[in-house]
Amino acid sequence: MKKVKVCSPGTSANLGPGYDIFGLALSKPYDTLEVEKTEKGIIISVEGEKAEEIPTNVDENTAGVVAKKMMEDFNIQSGIHIHINKGIKPGSGLGSSSASCAGVAFALNELFELNLSKLELVKYSSLGEAVAAGAPHADNVAPAIFGGFTLTTSYDPLEVLHIPVDIEVLVALPNIQVSTKTAREILPKEIPIKDMVNNVGKAAGMVYALYNNDLELFGRYMSKDCVVEPCRANLIDGYLEVKEKVKDLVYGITISGSGPAIITIPKKEHVIDIENIFKEVWNCPVYYTKVGLGCYVEEIE
């Protein structure tokens, strides 16, 4: 095997009260990564969404950091060329950096037949997230690797719970700049016990709803975060207006990750109405998509 091409999905993290725990894989948008064996070194090339803004230096690129660590740990002597086609806009709140991290880990596992488990792939993938967010975290890379709905419940040791789900979501991507680091820095360092109780209860209810195929309950609780969303809502101009306008058209709505992307669980009969509201307020791209299966191999040579 000389070359492998992998599709790596966009993801939505937090989903309201599940801050830094919940993650959801999407069928679109997605990145594609081609990883090819070379004689030596790591070369990175990028095309697609905001490619000119993505560093190709190995130590500054999220995929490069992951690849370098894996190649060191497994004493891989050959080189590689990583070509990333960005279908996920960086800084979108849809796990753009995570897609690169997860995609390259998944590709190297296939290319060099490392036989790593999905949990081990999440662990390596999360290392690249430190470049984008300042610290390793797995709430996006976990669903990118596992697919479906994931809960990252511990980091030491790393524990990820996985629930396969069949849900359709409608995602808006406003043309607004939101820094992940800024969005994390504005969060409170301490919260009242009543807010903790609310979020723990709603998060637990969302898992219950998934097991009972109750979209109405899942969406209602997804919309009830009282810790993170109130801090970030004003970073996304028009969000509170949209939330009010679509409240009877969706089961739930919240900010995807750090934003600016907005994720909804739409009532099917109102998908067009919701899209029109998104376009009226933001004039932005909209994705109507299903929960995805995670990274997969598209081609092998």
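The backbone N, Cα and C atoms fix where each Cβ goes, glycine too.
Other C-beta atoms found within 10 angstroms of the C-beta of S97 (ATP binding site) number 22, with every protein chain shown included. Among the features that Swiss-Prot reports, ATP binding site is placed at K89, P90, G91, S92, G93, L94, G95, S96, S97, S98, A99.
Once Cβ contacts within 10 Å are tallied over all protein chains shown, the binding-site residues G91, G93, G95 are led by G95. Over all protein chains present, the Cβ of A99 (ATP binding site) has 34 other Cβ atoms lying within 10 Å. Cβ atoms within 8 Å of the centroid of the Cβ atoms of K89, P90, G91, S92, G93, L94, G95, S96, S97, S98, A99 (the ATP site) belong to the same-chain residues G10, I88, G257, site residues excluded. S97 (ATP binding site) carries a helical DSSP state (H, G or I).
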